């Protein structure tokens, strides 16, 4: 009778592969997390630039920006709160308001504390006035 040789991996070989995979994961995961943060910030920057452009169109039509009370909603529906818009396009200035990457709404302060208007995301923590806020006044700083 012929003895069949068993094929397979030894426990030591499996452990070596697991250790190598762990080392690779420890190198790759931090890089992926950093890229996610950069991508989230870039989305906020793009959204704020788009909102600024829409607000500039609103100002061209109405000689002023929407008030804080009217908010960014004034870009998709005609404000019902005074001062009323003199001219308002049938479809508004944008189709919908974007949300920041963390599911929060962008905020408008008009007149702003940093310029004519302040547009900002409350950041990952969702709390306005904290260090992670990203606003149109911080775009060139970070």
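Positions of Cβ are set from backbone N, Cα and C atoms, glycine also.
The number of other CB atoms found within 10 A of the CB of residue 9 (N-methylphenylalanine), across every protein chain shown, is 10. Secondary structure from DSSP puts residue 9 (N-methylphenylalanine) in coil. Per Swiss-Prot, the feature N-methylphenylalanine maps to 9.
With a cut-off of 8 Å between Cβ atoms, the residues of this chain six or more beyond the region 'Disordered' (122-142) that come close are 40-41, 44-45, 48-49, 52, 100, 102, 104, 107, 112, 114-115. The region 'Disordered' feature in Swiss-Prot is assigned to 122-142.
Per Swiss-Prot, transmembrane segment is recorded for 9-29, and the stated evidence type is sequence analysis.
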